[in-house]
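Taken straight from TrEMBL:
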- 8-465: domain 'Glycoside hydrolase family 9' (DOMAIN)
- His392: active site (ACT_SITE)
- Asp443: active site (ACT_SITE)
- Glu452: active site (ACT_SITE)
Amino acid sequence: MSSKQHDYSDALSKSILFFEGQRSGYLPNDQRVRWRRNSGLSDGWTHNTDLTGGYYDAGDNVKFNFPMAFTTTMLAWSVIEFGELMPPPELRNALVALRWSSDYLLKSVSQLPNRIFVQVGDPIADHNCWERPEDMDTPRTAYVVNAPNPASEVAGEITAALSAASIAVRSSDPGYSQTLLQNAVKTFQFADMHRGAYSSNDDIKNDVCPFYCDFNGFQDELLWGAAWLRKGTGDESYLSYIESNREPFGASENVDEFGWDNKIGGLNVLVSKEVIAGNMYNLEAYKASAESFMCSLVPESPGQHVEYTPGGLLYKPGGSQLQHATTISFLLLVYAQYLSRSSLSLNCGSLSVPPDHLRRLAKKQVDYILGENPMGLSYMVGYGERYPKRIHHRGSSLPSIVDHPGTIGCKDGSVYFNSTEPNPNVLIGAVVGGPEEDDKYDDDRSDFRKSEPTTYINAPFVGVLAYFAANPSFS
């Protein structure tokens, strides 16, 4: 498939539709993924709190607030940077997807200043079952952190999510925007006042690790949250915070990644706009780190580089490779936008790199995901002629309530998990984990590192696809 044949508008629509397949709670009448039904309706009852709604983060039925908050931040940032390029129906769908998670996050911080909810669902029990979310009979434990115990990484990311969402909806719903921002301020106060990782709490650490522990520390989320609060409020105190804490929080090292557990790459790009567009030269160190990151992605530049597979996919050790491709493609496009608006280029030593070169690097990642790869396979479910049919996803792989109204119990789903048949329900728009360093992909449901989709792979891809859908002839 040549790059000129990609229908980026179709991919954009599908990338947003995916989120409807991940919904928890009461589904609305206009729900488009019809094989899903209501689920998790008692979430929060053990604490006499409504914690319904939000998203299942991947192919399981647990609501992990840490990656869900990052998903929310990236959906919001996608709208902030590229929403004006989206066709009105897709911008509306993106805002609906954003609000589905921001509404839930508001519930998770509703008992501040002294309590924050960080997760719903016992992950050990859940992962021992293969059942539809509509049939869940595993414990829907609501995991809570009470002050003075810390939850800085989760609270910091929720701060970023609510702040970014407040900016994204400001023109369409100013009242809701203000509610989001007020709660972001309270959440940051909890994050900063009680510094430490939520995984350090003995009563919950075994159930949040090894799933979503932040092994890079919590300090990057504090800076990330403060940076988004600065953007959302314009308050100078947050500017001082990110300036004075860069060194003490260990954010001065050059980092060439960005994802749910490491915000430094995104933080540097976000803050660099203050320097490029606002002449905030006291933040020049953030811009210098952002430039170093961008240069590491340019193969022709001097110095160290990130790895690419033989087929051209950006590669990082570990599973779920496409999370790196979508987040870093997003940063490439955003940084290119910042440079373009100020008529600047990226300086990589003696090499001057124009913004369009960064866009071409991002486009190569997008086109790889959509089918220009050694496998000739689209890694977005439902896009193109060939795509993964056996994804690691409970709801997709089990017969729907429509086709099988009777309950399918915890272990009764194993026969479907072990089946070599394609999943009966197509989770349109889901981007799977993808291939490893050899560019090879086996369509194997049991290989979750390759075949499991996640919300945080898709969220930045929404913004990336919006750009190329609006610029289809870019090459």
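Including glycine, each Cβ sits where the backbone N, Cα and C put it.
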- Query: Which one of these active-site residues, His392, Asp443, Glu452, has the sparsest Cβ neighbourhood, judged by other Cβ atoms within 10 angstroms?
  - Reply: Asp443
- Message: Tell me the Cα distance separating His392 (active site) from Glu452 (active site), rounded to the nearest angstrom.
- Response: 5
- Note on the structure: Rounding to whole Å, the Cα atoms of Asp443 (active site) and His392 (active site) are apart by 10
- Note on the structure: The average per-residue pLDDT within the domain 'Glycoside hydrolase family 9' (8-465) comes out at 95
